[in-house]
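Here is what TrEMBL records for this protein:
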- 1-55: region 'Disordered' (REGION)
- 19-36: compositional bias 'Low complexity' (COMPBIAS)
- 176-196: transmembrane segment (TRANSMEM)
- 181-353: domain 'Amino acid permease/ SLC12A' (DOMAIN)
- 202-224: transmembrane segment (TRANSMEM)
- 262-287: transmembrane segment (TRANSMEM)
- 308-327: transmembrane segment (TRANSMEM)
- 333-352: transmembrane segment (TRANSMEM)
- 467-491: transmembrane segment (TRANSMEM)
- 472-533: domain 'Amino acid permease/ SLC12A' (DOMAIN)
- 511-537: transmembrane segment (TRANSMEM)
- 549-570: transmembrane segment (TRANSMEM)
- 590-615: transmembrane segment (TRANSMEM)
- 591-718: domain 'Amino acid permease/ SLC12A' (DOMAIN)
- 636-653: transmembrane segment (TRANSMEM)
- 732-849: domain 'SLC12A transporter C-terminal' (DOMAIN)
- 866-1108: domain 'SLC12A transporter C-terminal' (DOMAIN)
Amino acid sequence: MASVRFMVTPTKIDDIPGLSDTSPDLSSRSSSRVRFSSRESVPETSRSEGMSDFSGATTSVATLAGEPASDRTSNPHDVAEGRWYVDGYVHEHEKLGNPGRKKDIYLNNTSYEDGDEYFDKNLALFEEEMDTRPKVSSLLNRMANYTNLTQGAREHEEAENIAEGKKKPTKTPQMGTFMGVYLPCLQNIFGVILFLRLTWVVGTAGVLQAFAIVLICCCCTLLTAISMSAIATNGVVPAGGSYFMISRALGPEFGGAVGLCFYLGTTFAAAMYILGAIEIFLIYITPEAAIFRSTDVLKESAAMLNNMRVYGSAFLVLMVLVVFVGVRYVNKFASLFLACVIVSILAIYAGAIKSSFAPPHFPVCMLGNRTLSGRQIDICAKTQELGNFTVPTQLWGLFCNSSKQLNATCDEYFAHNNVTSIQGIPGLASGIITENLWSSYLQKGEIIEKPSAHSVDVLGAMSQEYVLADITTSFTLLVGIFFPSVTGIMAGSNRSGDLKDAQKSIPIGTILAILTTSFVYLSNVVLFGACIEGVVLRDKFGDAVHRNLVVGTLSWPSPWVIVFGSFFSTCGAGLQSLTGAPPVPLCPRLGILIASLDLVAPILSMFFLMCYLFVNLACALQTLLRTPNWRPRFRYYHWALSFVGMSICLALMFVSSWYYAIVAMVIAGMIYKYIEYQGSEKEWGDGIRGLSLSAARFALLRLEEGPPHTKNWRPQLLVLLKLDEDLHVKHPRLLTFASQLKAGKGLTIVGSVMVGNFLENYAEVLAAEQTIKHLMEAERVKGFCQLVVAAKVREGISHLIQSCGLGGMKHNTVVMGWPNAWRQSEDARAWKTFISTVRVTTAARLALLVAKNVAFYPGNAEPFLEGNIDVWWIVHDGGMLMLLPFLLKQHKVWRKCNIRIFTVAQLEDNSIQMKKDLATFLYHLRIEAEVEVVEMHDSDISAYTYERTLMMEQRSQMLRHMRLSKTERDREAQLVKDRNSMLRLTSIGSDEDEETETYQEKVQMTWTKDKYMAARGQKARTLEGMQDLLNMKPDQSNVRRMHTAVKLNEVIVNKSHEAKLVLLNMPGPPRNPAGDENYMEFLEVLTEGLERVLLVRGGGSEVITIYS
């Protein structure tokens, strides 16, 4: 006894030499099913045979667990030629192409031979389904070798079938929470707004409102991160980030719309970072590099925008070249850029601490309570002492008409107020926070003032030396400008493929990063308000402190730490954004043409808020629907939190910029409708589908509460189609007519019947369903397809009429075609199926529409330019005849046709009054139609009617005798006929149905004398019946019915022979089934000479009302 372990590597059939040539059946089978992978003892006598049989399977290598590697691979040809090494022995096995053994390699083979011991004896009950339902061990092995492709994706299946030697080695993800999620999120969240605008936000909104702005934005991202963590941990999230999560949760339409919004937001973020870098470069590093200049303070901002456009375009081109040359270099320098951000933030904290005992010296010159720009002021005073002389300063010359004379005429405000110097950075212990608590919103061009400073209230002239507000500020504007500084929370989820344990790292890393950045932002709001003078905070570009970066004045050891740190961090963030930008960076270019950081930031906020809104919606929806697949590993979520996050996102969108919010929603809506119109290729089991199912269930339960009111009645159609032997629809115009009648509204079920056995017919049923669905799509019929397999056509139709629909959403009208060839057919089954359908429909209290000559009905692309729709209202049947032409006129084909309504008056009726009453009735129904009353006087039955009735009864009797004589011809055929030899397909109205009223006798295999005499007697009676046929007289009731049919047909043809469509009451079938064939003849006579006829039979309930 020897212990052997086989390590089996699945291989394609084509990769095994000699197998595909000699075994064609194997080439179509997948060879990835492992049949033998257990450790067991093999008898020495049967080892060779057992392994010889096993080698016939599609395995390429078998290796012994205890064999040294050098011995196992010493002779590769032995493996290729079919040798197995077992405890040092070499056993030759049979060739793979041996025809005597190739049949034994399948599990579903029941003729096992000696040596076929490799089957799992414990799973013998399931061995025939192993190809479609693999063992659990095989499934777990595939899941263990997961390659970051979505389960069931075509790429994943193709990757599994690649031969072992051709597979590319995959790297196992090794990134943890800190490096894979936490640091990337920090880098993406911290950005240009922190260094360039946060001090201005604090000074303008005040510490309290600025704290509220930051807190609301951080709460929004935190709640979104909780929702995102729940979605990201509900299964594996490959590349795709927000698009993947939203599309799988809300469907491809929402995923595409929001994914593209997120994509646009990322590209606009690149523009924002580039503009921030240019602002730092031109204002704080090298102001001399500006190309456009202006001495007018009002035109200076326009010149600055032009500089931003020129330098921004140059920076964009340079960054795009860097990204195109090598993205990997950008990723390698990401850590350096993050280090710049962290060092800059630490410098702010160090400077705030130092300011408590040694504040930096940044004096601010004030004229009264107005802030003066320090760019052209040498001394913060009106005059200065030079020796024994008092001379005016440079400031004097800016406000007076003479810069050298003390008695010059000066600005009124300058003359009445003193010039003072205050400390720009009072420090943490100064108590300046009490002044900075409250907001100070300004209009564009308004002077920045210190409310607590003394000032003489005179107007004075507007001087360019004041520090002015460049834009009109408000709370909503500041929200839109600040929000981009908290975005970037999806950096960790976008890297899920590189994480060792994504379902653990994404929630922890993302939430910790948000908490860290929130603490930094909130603490900086308090520190800025407690350390920096209010007028300096409101000075966006640092004019009061000699064009220094405001946040840099607080930093330690030098303002240049913040300047260069923020510059390199914004450049790095711009490069990171451009790595996900389109090949032609149109969106960044548009953002740069806007040229203002304050205008680009709200646009960016819209796209990110839209994305975050739908992330929260996806989580809330999945939680409320409680779908079975919703099992996130992250447990600290709730639908209420997601709903609050969604509400905050929606509120922030309209608070920051209502017109940008509307534009973003319109863009997302257009993308949604485009994807919906094009149709998605895959079904992902999204939450919207679950919501649709829940809504449908709710609506169906509501519909069950009672029957629909007459005002709500509309035809819910069950269209019965007939298929030929090739599974093609025989009368597609019936479906066209249904689409014209419905105009896309209400319920439409397209049904058909196939004769046979469902177990044997399943493939044909699927093919027929696809054929009908394609035809429905071509005819733009929105509805459902239902096929039934039954032993008889009549039974199948009955099943359809009884069981189609669900709850209150059931059909109330049956549409079918007229059996045109019923007269020419020797077999009565075609018209008997038709009459059976009429009876079943009447029993179910459903309306019935029978389209005669349906091949002549117009297509959807053949509108009538003129013509009439004639309604022959003979008996009241619920009002269907009034409603149907009105519905048809809603479609473009029948829109230009006029409705004419004819009714029949008997001798005792007042035709004039009937016409008035009918016109009044139509007026109350709000239906425009011409009205005409046709008088039918009593007349004698014509010879034509009598003869027509006689011919009908003779034909019916003759066919009955022919069917009886046909019994003898069928006796011999019955002996050799095998009813189960071939599956024959048929459909509604087919001639292959078994007749219920059979005149045949069961064929007997043994003849007796009595039976022979009985057969001779029957033949004699048949001959006698044929003689009586010539002497028969017609039944009087049939004569009366034929008389009515002939007279009505004469009137209808006379009035409506040119009508585009004639709608006519359909009489019911006779109670006695013996008169069924006569009934068909009556209907045929009634509709003779008319091109298009629609026979209408109501369901017994009112379908139209005059009341509102």
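Cβ atoms here come from the backbone N, Cα and C positions, even for glycine.
Distant neighbours of the transmembrane segment (308-327): 270-271, 274-275, 277-279, 281-282, 289, 291-292, 571, 574-575, 578-579, 581, 585, 588-589, 592-593, 595-596; these residues of the same chain sit at least 6 beyond its ends, with a Cβ under 8 Å from one of its Cβ atoms. Within the chain, the transmembrane segment (333-352) has long-range Cβ neighbours (under 8 A, six or more residues past its boundaries) at 183-184, 186-187, 190, 194-195, 360, 428, 520, 524, 527, 530-531, 551, 554-557, 561-562, 564-566, 568-569, 571-573, 575-576. Panel annotation: around the transmembrane segment (262-287), residues 191-192, 195-196, 241-243, 304, 307-308, 311-312, 315-316, 319, 484, 487, 490, 541-542, 547-549, 552, 563-564, 566-567, 570-571, 573-574, 577-578, 580-582, 585, 587-592, 594-597, 600-601, 603-604, 606-608, 610-611, 667 of the same chain, lying at least six beyond its termini, place a Cβ under 8 Å from a Cβ of the stretch. For the domain 'Amino acid permease/ SLC12A' (472-533), residue counts in helix, strand and coil come to 48 helix, 1 strand, 13 coil, using DSSP. Shown for the domain 'Amino acid permease/ SLC12A' (591-718): DSSP residue counts in helix, strand and coil, namely 92 helix, 2 strand, 34 coil. Model confidence over the domain 'SLC12A transporter C-terminal' (732-849) stands at 86, taken as the mean pLDDT rounded to a whole number. Summarised by DSSP class, the composition of the domain 'SLC12A transporter C-terminal' (732-849) is 58 helix, 25 strand, 35 coil.
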